[in-house]
Amino acid sequence: MTKATLRKTYKTLRSQLSDETIDDLSLAIANQLLTLSIWEYSFYHVFLSIESQKEINTDFILNILSGKDKNIVVSKSDFTTNTLTNFLLTDATTLKLNAYNIPEPVDGIAITNNNIDVVFVPLLAFDLQGHRVGYGKGFYDKFLATCKPETIKIGLSFFEAETNIEDTLVTDIKLDYCVTPEKIYAF
Ligand SMILES: Nc1nc2c(c(=O)[nH]1)N(C=O)[C@@H](CNc1ccc(C(=O)N[C@@H](CCC(=O)O)C(=O)O)cc1)CN2
Ligand SMILES: Nc1ncnc2c1ncn2[C@@H]1O[C@H](COP(=O)(O)OP(=O)(O)OP(=O)(O)O)[C@@H](O)[C@H]1O
């Protein structure tokens, strides 16, 4: 299927999930993540959930990371350039919802992309090759392109893989893993 079709299909599927189901599935995803060998690193980039879009609740992952004393990195989105700038999330960080309902830090300690070891990547759909479909503005493709090549990229999804995304671009950065409540896909 094409990215446009997949976006539509998976937005609809997500819109049908109750808040309780979202929390149950998000916890199952966090528990799956615990079985991966990814916990020896230092800097972890996590997206902060857009609740109105029924995204995965990343609070469980944030709790794991703070329990392990990891450096947690979160983004501010610039919708004029479709780029992300990254900041350390600390107890002192004030978060504010932006115009797209994304929680983001008001200010803080800036982190350069080459320090980031692991990125948890939001998505609407993904395929068996490790390609993903997001909201279509290329924020994550641009961000991941500026991380070091060894950075581990982990998609998080409520739903299982599609066979194939037809219209992938050369600029699409593939995932290393995609984790669902049921399974871990390694690419
Ligand atoms: N939590 C989270 N943060 C993220 C992303 C994400 O997918 N999830 N992004 C991943 O790249 C970037 C933001 N990307 C976005 C791109 C478009 C829209 C947007 O157009 N929203 C419209 C229409 C939504 C719709 O079509 O349903 C809106 O809210 O009105 C929102 C976020 C960076 N931060
Ligand atoms: N490294 C890059 N530099 C400049 N433009 C890029 C880069 N990567 C992707 N783009 C552009 O971003 C646009 C959106 O790409 P795509 O449809 O793959 O977004 P997406 O992955 O669904 O969304 P997102 O990354 O925001 O979740 C495309 O027009 C693409 O050309």
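Using N, Cα and C of the backbone, Cβ positions are placed for all residues, glycine too.
Taken from TrEMBL as is:
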{"type": "BINDING", "residues": "Lys3, Ala4, Thr5, Leu6, Arg7, Arg132, Val133, Gly134, Tyr135, Gly136, Lys137, Gly138, Phe139, Tyr140", "note": "ATP binding site"}
{"type": "BINDING", "residues": "Ile50, Glu55", "note": "substrate binding site"}
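Here the features listed in TrEMBL are painted onto the structure.
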residue	record	CB count, 10 Å
Lys3	ATP binding site	20
Thr5	ATP binding site	15
Arg7	ATP binding site	17
Ile50	substrate binding site	16
Glu55	substrate binding site	21
Val133	ATP binding site	24
Tyr135	ATP binding site	15
Lys137	ATP binding site	13
Phe139	ATP binding site	20
Contacting binding-site residues, sequence order - Lys3, Thr5, Arg7, Val133, Lys137 vs ligand 1, Cβ under 6 Å: Lys137
Cα-to-Cα gap, Thr5 (ATP binding site) vs Ile50 (substrate binding site), nearest whole Å: 21
Candidates near ligand 2 among the binding-site residues Thr5, Val133, Lys137, Phe139, judged by a Cβ under 6 angstroms: Val133, Lys137, Phe139
For Lys3 (ATP binding site): DSSP state (helix, strand, coil): helix
Entries of Lys3, Arg7, Tyr135 which, being binding-site residues, have CA atoms within 10 angstroms of Ile50 (substrate binding site): none
DSSP-derived class (H/G/I helix, E/B strand, else coil) of Phe139 (ATP binding site): helix
